[in-house]
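Engineer: First the structure, which I've put down as structure tokens, then a few questions once you've had a look.
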């Protein structure tokens with residue numbers, strides 16, 4: 001009986017030491033399990049980031065190509081951003097039997113989940129329509145740079161909904177991104193497109209639509225993160241797929257109603273026949289756009305799971321230089337001095353936020369390590 005406290009104490013110390021080693025991730029051959037966990041986390045982060053960056057760039061370029069080569073339907077261009085969700089349905093069956101550990105967590109009410117998916121779906125429908133208007137009336141370079149403002153909106157919404165703290169680096173990021181987007185209002189000419197009042201009006205309308213879409217998308221990301229924390233309270237791949245599919249179903253229904261009510265469906269046959277690249281390229285463009293944006297959606301939700309809505313948005317904004325460069329190469333957009341200045345400011349704003357995220361990560365690790373040391377001292 002006299003040896004029991006010693007045995008218990010040594011066991012506690014061993015457990016605490018193992019936890020400390022797991023968090024600090026020091027070198028050593030004994031850290032196989034933590035190292036595997038960390039590698040898996042980084043692999044998932046890389047995959048989700050690739051989905052976001054490639055899906056966003058390809059989807060944006062194909063969307064602009066659709067309008068450049070004779071496409072005119074706003075509703076169809078919006079629909080293809082959402083309707084690609086059926087490609088994800090097989091993953092529901094693949095993951096249906098692999099997550100038995102979460103059965104002990106109380107599932108949220110059906111009505112709460114249905115209301116959430118309906119709300120997110122309507123948000124997606126409205127946001128995609130605003131993005132479509134912006135993409136139709138703006139060059140890809142201008143459109144992509146304005147989209148950088150969504151990081152600022154996301155930081156603002158995260159402050160109120162997700163308890164995101166404002167620090168000097170985040171405030172610096174917000175100010176720089178605001179200036180970056182504001183600069184684009186000053187440009188007066190883009191390949192002669194804005195030489196009359198009508199085209200200038202379209203440019204302003206496209207600008208305001210893109211800014212509004214960025215705000216809506218940022219709010220949607222913050223609501224998604226809040227839902228994951230307060231409603232679902234769990235993290236697994238199946239839930240990522242569910243949150244990609246079910247809101248898309250609602251959004252697709254809303255867009256289809258608008259599509260048929262507007263009468264644009266009557267002109268599809270004529271539009272396909274007059275498409276400058278031919279019928280096959282017309283169909284391939286729509287299919288490619290649908291798949292690209294669905295990959296973007298999966299990647300975005302995956303990054304929200306792994307880090308936060310703000311980080312998901314940062315990865316999206318990291319693709320900022322990629323899309324304009326590709327637009328200059330393939331769509332022959334002009335990269336003016338104001339656009340270059342706006343791009344550099346936007347990159348600076350993103351780097352400012354990422355540095356703050358790096359500091360937060362270091363602070364969090366130090367806090368956890370200090371907590372483990374304190375627990376170890378208490379056990380003595």
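For all residues, glycine too, the Cβ spot is worked out from N, Cα and C.
Curation does not apply to TrEMBL; its annotations are automatic.
Not my notes, these are from TrEMBL:
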type     : residues : note
TRANSMEM : 41-63    : transmembrane segment
TRANSMEM : 75-97    : transmembrane segment
TRANSMEM : 109-133  : transmembrane segment
TRANSMEM : 140-160  : transmembrane segment
TRANSMEM : 166-186  : transmembrane segment
TRANSMEM : 207-228  : transmembrane segment
TRANSMEM : 240-261  : transmembrane segment
TRANSMEM : 282-305  : transmembrane segment
TRANSMEM : 311-331  : transmembrane segment
TRANSMEM : 338-355  : transmembrane segment
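Looking at the shown structure, what environment does each listed feature sit in?
Structural biologist: Taking Cβ pairs closer than 8 Å, the transmembrane segment (140-160) reaches residues 60-61, 64, 134, 166, 170, 173-174, 177-178, 180-181, 184, 187, 190, 206-207, 210-211, 213-215, 217-219, 221-222, 225, 308-310, 313-314, 316-317, 320, 323-324, 327-328, 331, 333-335, 339, 342-343, 346, 349-350, 353 in its own chain, all 6 or more past its ends.
Within the chain carrying the transmembrane segment (166-186), a Cβ under 8 angstroms from the stretch's Cβ atoms is held by residues 142, 145-146, 148-149, 151-152, 155-156, 159, 207, 211, 338-339, 341-343, 345-346, 348-350, 352-353, 355-356, 359, all 6 or more beyond its ends.
Away from its own ends, the transmembrane segment (207-228) comes close to residues 116, 119-120, 123-124, 126-128, 130-131, 133-135, 137-138, 142-143, 146-147, 149-154, 156-158, 161-162, 181, 184-185, 235, 239, 243, 300-301, 304-305, 308-310, 312-313 of its chain (Cβ-Cβ under 8 Å, at least six residues beyond either end).
Outside the transmembrane segment (311-331), and at least 6 residues removed from its termini, the chain residues within Cβ reach (under 8 Å) are 48-49, 52-53, 56-57, 60-61, 64-65, 68, 139-141, 144-145, 147-148, 150-151, 154, 218, 221, 299-301, 303-304, 339, 343, 346-347, 350, 353-354, 357.
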Engineer: Who are the chain neighbours of the transmembrane segment (282-305) in space, where the CB to CB distance is under 8 Å and they lie at least 6 residues beyond its ends?
Structural biologist: 44-45, 47-56, 58-59, 62-63, 65-66, 71, 76-77, 80-85, 87-88, 221, 224-225, 228, 235, 239-241, 243-244, 248, 271-272, 275, 311-312, 315-316
